[in-house]
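Student: Next up is a structure, given as structure tokens.
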């Protein structure tokens, strides 16, 4: 078994089991294609909630000399996040040849009796076009995505080379927005607890609305909880993204590095796998050379003891 061989391209439906009900018969264009994912709706609801509570409730309650800065900084962050969010959702990440072809019609059902994989020799039998070497056929979008990274449920769109940077900017803007918003709430929340005001006014100064005293501290607590939960989910997405980006090189490093240090300098598990010398060049382009001795020591101490010499 070739442990370094990439996983076969997955797709659905398969003719033996019949078409799956949770996959579209037609290809999806981008994140706006029907049907929307519940996580996508939740993301927009959270954005709307933070925008309304931030500009309508919490920023007007800041000290008077901080209110202009609160509106400006928060407004810039929210607008930038909205812009990159719309970009990430709207961009079609499909392979160039797939986009050049009209793929709005039904996608044929894959027959495993004729082909072992959906993509063979850079030709997709579902999209019926030649695709790039890094393109994968997404089962959720039912099309080939250029330099496929993963399918994001929060965007209801695939992440590939065409929208990779917009998704990266989305993570960055969301991180800054959550940090700024939590800083504002952490400044206001202690004063809410100490203040015994019976009536609070929200949506100042445009449309003042009076609320009961405990309502604002309760809303602040709920907003802080949602902000921390959003930060936790964002951290999970970032960790998952880094895992997908770096797992392949670290997996190859462990396998080939162990064999190399164990005395098999020319081992190659398959004709398509990396040789040791190619591996060293690949690592050198990704990792600073000063860290290579540490990597070699880590491999030697952690996994070379498990190697059995021929």
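Cβ atoms here come from the backbone N, Cα and C positions, even for glycine.
Taken from TrEMBL, the feature transmembrane segment applies to 41-62, 69-91, 164-185, 197-216, 222-244. Residues or ranges marked as domain 'Palmitoyltransferase DHHC' by TrEMBL: 120-244.
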Student: Please indicate, using numbers and ranges, the residues of the same chain that are 6 or more beyond the transmembrane segment (164-185) and have a C-beta under 8 Å from a C-beta there.
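Tutor: 50, 54, 58-59, 62, 70, 73-74, 77-78, 80-81, 84-85, 87-88, 91, 147, 149, 152, 155, 220, 223-224, 227-228, 230-231, 234, 237-238, 241.
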Student: Average the per-residue pLDDT over the domain 'Palmitoyltransferase DHHC' (120-244) and send me the rounded value.
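Tutor: The answer is 79, the mean pLDDT of the model over that range.
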Student: Taking DSSP states H, G and I as helix and E and B as strand, how many residues of the domain 'Palmitoyltransferase DHHC' (120-244) are helix, strand and coil?
Tutor: 61 helix, 25 strand, 39 coil
